[in-house]
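See structure below.
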Amino acid sequence: VIDHPKYQESNRIAIFLSMPDEIQTEEIIKDIFKQGKECFIPRYKPQSNHMDMLKLSSAEDISSLALTSWNILQPSDDDSAREEALAGGGLDLIFMPGLGFDKKGNRLGRGKGYYDTYLERCMKHPRGKPYTIALAFREQICESVPVTENDVPIDEILYEGC
């Protein structure tokens, strides 16, 4: 990931904070700060499909985040001091989580449509849609993933041996 050309050329990067069954992103987050890039993480709104990408000030900033009922660390709802990526300069790159992927760029998420809805919002930003890279285990690559017209394909899937 760290040697990937899209990562190297990106300055504003959104990345998920890993759940136990996902590719662990902690080292990538540390490298984002080490290289002087800007790091944004998701804040999900329950009972909706709305998600914002809020700026982290440092890798250590993660320890100040609240744990949601889904066991995900994220900025609290009353945290209005953080920059939202689309309220500012947009994003260059989004690292995407998922449960399953196919080689056509289709992604199976957890069913709420948070990332698809966010990517639709990105397309309306002057900077446009950021490059999207899914981080996956080889076992998550499927022949075919079911999609609907609201699903936004991802640009690339990184997994061991790809």
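Each position is counted from 1, following the chain as shown.
Glycine is no exception: its Cβ is also placed from the backbone N, Cα and C atoms.
According to TrEMBL, the feature substrate binding site maps to LEU17, GLU22.
Marked as ATP binding site by TrEMBL: ARG107, LEU108, GLY109, ARG110, GLY111, LYS112, GLY113, TYR114, TYR115. GLY109 (ATP binding site) is surrounded by 16 other CB atoms, counting those within 10 A of its CB over all protein chains shown.
Cα separation, GLY111 (ATP binding site) to GLU22 (substrate binding site), rounded: 16 Å. Take the mean position of the Cβ atoms of ARG107, LEU108, GLY109, ARG110, GLY111, LYS112, GLY113, TYR114, TYR115, the recorded ATP site; other residues of that chain with a Cβ within 8 Å of it are GLY98, ASP116. Cα of LEU17 (substrate binding site) to Cα of GLY113 (ATP binding site): a span of 17 Å. For the binding-site residues listed here (GLY111, GLY113), the lowest count of other CB atoms within 10 A around the CB belongs to GLY111. Note: the CA-CA distance between TYR115 (ATP binding site) and GLU22 (substrate binding site) rounds to 16 Å.
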